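A.B. asks: Right, I'll just put the structure down here and ask away after.
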C-alpha cells in the first residue's frame, strides 16, 4: 500500500485568494479534491495529513506512525475511517456517492464560511478539521487567539507566515506563503538561517496550479514535496536509508525500488510476454516496446523516443548541456550513465567478467566485443569490401578508410589521418612523448595498445587463438597474419606493381623499393637504411669495432 501526504495532492489558497474565486471556481475545487480522494481510495492508498504536537499515534492497522503525521484512510463506497473510527452515512441514493457528498458538504461549509478565513487558515487545514472530528472528547485542540476557532495545528499565524519545517522560525518559504492571485513570479527568500529553500521562485496562476521553480537549475515542480526532494539533490542530502545494506537515497520512492533488489519482488508483470519488473517506470517503458508508442518527440529534429531518459539525453545533444560532472577530473557528460562508466576509469572497477576466460571489463560493450573473440562472431560487415568485424568501433574506423577523407593533419610533417587518435599517436613520434609505462620493467610506449600488448610478454597471456590449428598469439596483428596463412588471403596490394601481401607492414616495406625511402638512420655515422633489420645489423658493426 502506498502512502500519500495530503499536501502533495491538495491545492492550497490564502484567504485573499479564496475571496477572488467565484462560486463556480469553488465548486470546481471541491470536485477536484473529491475526485482525488476517490482515486486514491480506489488505489487503496493511505492519505497522511501533517499536524504537530501529536504523541503516540497509530494507523488503521495499529502500526505506529511519526509524531508529526496523522493518517486518513478512505476505505469504501459508503464509509470512510479516520484513525480506525468508521463514519457511516444513510444508505440513500447512490451508494458510491454518499461519502463524497458528505465530504463535499464538509468542504463547502468550511470553504464558504466567512469565519473560516478570519484567522488566515488555508484550505489544506480542511483535512485537519475533518480529522479533528474523530478525536475523543477529552482531546484539547489549540485555539486561534484572534478568532477563537479550534485547530489541531496551531503553528500558522495571522501574519501570513508559517514556521519553517527546519528550525521552527517564522519565514516566507515557498510552502509558507502564496503570492497574489494574478499570474506573476515573486522572489520569496527564506528568513530562517537553516533552510535548504533559501531562494526559490514561486509561480501561481489563475488555474490554481502551483509551480515551484528551483533557483539553482530552473527546474519546476507542481508538488511541493517533489520540489523539496529536488532541492535536497543539489545539497547531496540522502535521508532515506536501506535497513538491509545501509545505502541511502534522496527520495523514498528510490528506496522502495532499491529494497526490491534485496527481496527480489517484481510486482509489475507484462501481460504480453510475462516479463516482470520491480519498478513501474521500467514496466511502462517495456510495454511501449510492444505497442510501439513513442510519446517523447524532439522539437529540434523530430526524432521520437519511448523512454523519457533517452529523450532527455538526446535533447542535450542539441543544447550542448552536460549536467553530469566528474568529481575527480571535472569532465562533464550529457547523461548519468556515461558519467558512471567514466568513473570506472578512476576507480579501476571492472564489473563485467568473461565467463570463458575470467577477463574483466569496464564496459558491457567491451565484454560483448571480447566474447566474439571466443565465438568467432563478426556481425559488422563492410558493404564496400566485405570485411567483417567483431567490434563496432573497429568497424566504424574501417568504413572511414574507404571514404579517403583524412581531416587530421600533422603540423610538423603534413601527414594526414582519418582519426584524431591516430594523429595524437603520430605527434608523439615528433615530441618523443611516451606516457604509457610498463609497471613490470619500466619500458614506455607512445600508444596504450602497444603497452597492452607488451604487458602480455610478462604475463604470458595469448588471447588470440587460431580455430584451425590452435596456435595462440599475444598480438592481434600476428594472429591476423597467421590466419591469412591458412586462407591465402592477401588483401594489401601495391598500387605501383600490383604485388599483394598478407599484412600491411610487409606492403609498407615493399613500397619503399618504389619510393626510395630510407627511414632508419644510424646515429653514429648517419648512414640510412630501408629496413629496421638492416639498421640493427649495421649498428652491431660499430659495437664490434
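The backbone N, Cα and C atoms fix where each Cβ goes, and this holds for glycine too.
What Swiss-Prot records for 4-99 is domain 'KRAB'. Under the heading zinc finger, Swiss-Prot lists 212-234, 240-262, 268-290, 296-318, 324-346, 352-374, 380-402, 408-430, 436-458, 464-486, 492-514, 520-542, citing sequence analysis as support.
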A.B. asks: Where DSSP helix means H, G or I and strand means E or B, what are the helix, strand and coil counts for the zinc finger (268-290)?
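C.D. replies: In the zinc finger (268-290), the DSSP-based counts are 11 helix, 4 strand, 8 coil.
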A.B. asks: Could you tell me what the rest of the chain brings near the zinc finger (380-402), counting residues at least six beyond its ends with Cβ under 8 Å?
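C.D. replies: For the zinc finger (380-402), the far contacts come to 365, 369, 372-373, 418-419, 491.
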A.B. asks: From the DSSP assignment alone, can you count helix, strand and coil residues within the zinc finger (436-458)?
C.D. replies: 11 helix, 4 strand, 8 coil
A.B. asks: Restricting to the zinc finger (408-430), report the mean pLDDT as a whole number.
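C.D. replies: The average pLDDT of the model in the zinc finger (408-430) works out to 89.
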A.B. asks: Report the DSSP secondary-structure composition of the zinc finger (352-374) as helix, strand and coil residue counts.
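C.D. replies: Across the zinc finger (352-374), the residues distribute as 11 helix, 4 strand, 8 coil.
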